[in-house]
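Engineer: Sharing the record's features from TrEMBL:
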type	residues	note
BINDING	69-73, 137-143, 166, 271, 332, 382, 449	(6S)-NADPHX binding site
BINDING	70, 133, 169	K(+) binding site
BINDING	419, 420, 421, 422, 423, 448	AMP binding site
DOMAIN	21-223	domain 'YjeF N-terminal'
DOMAIN	236-508	domain 'YjeF C-terminal'
Ligand SMILES: NC(=O)C1=CN([C@@H]2O[C@H](COP(=O)(O)OP(=O)(O)OC[C@H]3O[C@@H](n4cnc5c(N)ncnc54)[C@H](O)[C@@H]3O)[C@@H](O)[C@H]2O)[C@@H](O)CC1
Ligand SMILES: Nc1ncnc2c1ncn2[C@@H]1O[C@H](COP(=O)(O)OP(=O)(O)O)[C@@H](O)[C@H]1O
Ligand SMILES: [K+]
C-alpha cells in the first residue's frame with residue numbers, strides 16, 4: 001500500500017532547496033567550525049544507525065558510491081558496516097580519482113576498515129540483503145544515462161530493499177521530479193535539512209519512508225536561514241490552534257456565514273451536491289446551491305439542510321448573491337453558456353470566493369483572465385487546470401510545482417492551492433506551504449468538490465483566504481487519511497470524508 005503522506009508528520013517544518021542546503025552546509029563549516037569530513041562522518045553514522053534500526057538482521061550489504069560527496073557518505077557507511085562485522089560489496093561509479101578532500105578521507109576510512117573498493121562491472125549480485133544508494137545526492141544536474149541508468153534499473157529490479165543516502169539518486173531535490181530512471185528507495189535518510197522535493201510530486205513514491213538527521217548542527221544555524229517552503233499538516237496546525245476557534249454558547253447561524261455553491265450543469269449535479277454537503281459539515285451556518293432545476297430534488301433528498309435554487313440565467317443569481325457571504329464556484333459548472341453566464345455574475349461580486357474546476361477552465365479562456373486584487377480568492381487547480389491557466393502543458397506544471405503555484409498566485413493575486421501529491425498552497429506574496437498529509441486514495445472523482453466546500457465554509461466562518469487554504473487543505477487531506485485507514489486507499493470515496501471533516505474540524509482526533 002502506498003504510504004499515506006501523514007506518515008511524514010514528524011519531519012521538520014522548514015523545507016529548503018538544494019542551494020539553500022549547500023549554504024547551510026557552508027554555515028556549519030564557517031560558523032560552527034565543523035569540517036566537511038566531520039559532517040560527512042556524521043551523515044554516514046546517522047544513516048548506518050537507521051540501517052541497523054530498520055534492518056537489524058541484514059548481513060550482506062551492497063553499497064554503491066558516486067563521484068561526489070554523496071559517494072563520500074557511502075564510503076563512511078561501508079566503513080562502519082565492515083567494522084560492525086557485516087559483509088560489504090562496495091562498487092564505485094564515475095571517476096573516483098578526483099574525489100573531494102572529505103570523500104578522499106572517507107574512502108581511506110573504508111579501505112582501512114577492510115572494504116574492498118571496486119568499480120561497478122555491470123552486474124549487481126542477487127544475494128545482498130540490502131542496497132545502499134550513495135550514487136548521487138543534491139548534486140544531480142541531469143537525468144541519469146549510460147551505465148548509471150543501467151545500475152539504477154538493476155537496483156530497482158533487485159529483490160533487496162534500498163536505503164538512499166540524502167535523496168534517492170535521480171530524484172530532483174528542488175522539484176520532486178524523478179528524472180528517470182531514478183532509484184526507488186524503501187527508506188531515505190536525509191541530512192542537514194529537509195529538501196522541498198522529498199514531499200511533493202514523485203518525492204514520496206521514490207523516498208519511501210523518510211528519516212531526518214540534522215547532524216548535530218545547532219538549531220540557531222538551521223534557523224539562520226529562512227525556509228523556502230513551510231511543511232504543514234493537520235497535526236501541526238491543530239497543535240497551534242490554527243483551525244476554528246471554539247464556539248461560544250450565545251450564537252446563531254448568521255454568525256457562521258452563508259455559502260452559496262454555484263455549479264452542477266446537466267449531468268454533473270453530484271459535484272455541486274458534494275461541495276454543499278462538505279460546506280455544511282465544515283460548519284457553514286447556511287448553505288445554498290444555485291444549480292440546474294433537474295438536480296434540485298436529488299440534492300434536497302440527500303441534504304435537506306441545503307437551500308437549492310434552480311437557476312437558468314445569471315440574472316437569477318443576483319438575489320442569491322445578495323444573501324450569501326461566500327461563494328464556491330465551479331464544481332460541475334461546465335463550460336457551456338449556462339456556466340459562463342453564472343461565472344460572469346460571480347466575477348462582478350466582491351464576496352470572498354473559492355474558484356474550482358470549470359470556473360478555472362473558463363477563467364483560462366482568452367478574454368477572461370484577471371487579477372483579483374483585494375478580494376479574498378482561493379483558486380484550487382489540479383495540475384491540468386493549472387496548466388490551462390498558465391497556458392503551458394501539464395508536464396511543465398509538474399516539472400516544477402513550486403514555480404507553477406507561485407506564478408499563479410502572483411498572476412491572479414489570489415491564494416492558490418495546487419492539488420495533487422503534496423498539495424502546495426501559494427500566497428501572492430511568495431510564501432508557499434506544502435501539505436504532507438493526504439494519500440493516493442484521493443485520486444478519485446469528487447475529492448476536489450469536497451475541498452471546495454470545505455474552503456468556502458472556513459471563509460464563511462471568518463478565516464482569510466490564506467488561513468482557510470492552509471487549514472482546509474490539511475483538514476481535507478487528514479480526513480482522507482483517517483477515512484482510508486481501515487479499508488485502504490483503493491475505493492476511497494469523496495463522501496467518505498464527511499464524518500471525518502466534522503470530527504477533525506472540531507479537533508476530535510480519535
Ligand atoms: N558538507 C556537505 O556538503 C555535506 C554533503 N553531504 C552529501 O553530499 C551530497 C552533495 O554532494 P555533491 O555536491 O558532491 O553532489 P553529488 O554527490 O550528488 O554528486 C555530484 C557529482 O555528480 C555529477 N552528476 C550530477 N548529475 C549526474 C548525472 N545525472 N549523471 C552523472 N553524473 C552526474 C556532478 O557533475 C558531480 O560531479 C549530499 O547529497 C549529501 O549526500 C553530506 O556528506 C553531508 C555534508
Ligand atoms: N496522489 C494523491 N496524493 C494526495 N492527494 C491527492 C492525490 N491525488 C489527488 N489528491 C487530492 O484529491 C483532490 C482531487 O481533486 P480534483 O482532482 O479536483 O478532483 P475532482 O475534480 O474529481 O473533484 C485534491 O485535493 C488533491 O490534492
Ligand atoms: K543517493
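Cβ coordinates are placed from backbone N, Cα and C, and glycine is handled just like the others.
In TrEMBL, annotation is done automatically, which means it is predicted and not curated.
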Engineer: For the binding-site residues 72, 420, 422, 448, which one has its C-beta crowded by the most other C-beta atoms within 10 angstroms?
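Structural biologist: Within the set of binding-site residues, the most crowded position is 72.
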Engineer: CA-CA, which of the binding-site residues 133, 138, 166, 169, 382 lies nearest residue 448 (AMP binding site)?
Structural biologist: 382
Engineer: Out of the binding-site residues I have (72, 382, 420, 421, 448), which ones have their Cβ sitting under 6 Å from ligand 2?
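Structural biologist: Near ligand 2, sequence order: 382, 420, 421, 448.
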Engineer: From 69, 133, 141, 421, 448, which binding-site residues have a C-beta atom under 6 Å away from some atom of ligand 1?
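Structural biologist: What lies within reach of ligand 1, judged by Cβ under 6 Å, is 69, 141.
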Engineer: Other than its own, how many Cβ atoms are within 10 Å of the Cβ belonging to residue 421 (AMP binding site)?
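Structural biologist: The Cβ of residue 421 (AMP binding site) has 21 Cβ neighbours within 10 Å.
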Engineer: Give me the sequence-ordered set of same-chain residues, not including 419, 420, 421, 422, 423, 448, with a C-beta within 8 angstroms of the centroid of the AMP site's C-beta atoms.
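Structural biologist: Nearby residues not in the site list: 382, 417, 418, 424, 435, 438, 442.
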Engineer: Out of the binding-site residues I have (70, 72, 169), which ones have their Cβ sitting under 6 Å from ligand 3?
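Structural biologist: Correct list: 70, 169.
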Engineer: Would you kindly give the Cα-Cα distance separating residue 138 ((6S)-NADPHX binding site) and residue 421 (AMP binding site), rounded to the nearest Å?
Structural biologist: 21
Engineer: Which Cβ among the binding-site residues (69, 138, 141, 169) has the fewest C-beta neighbours inside 10 Å?
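Structural biologist: If we count Cβ atoms within 10 Å for the binding-site residues 69, 138, 141, 169, the smallest count is at 141.
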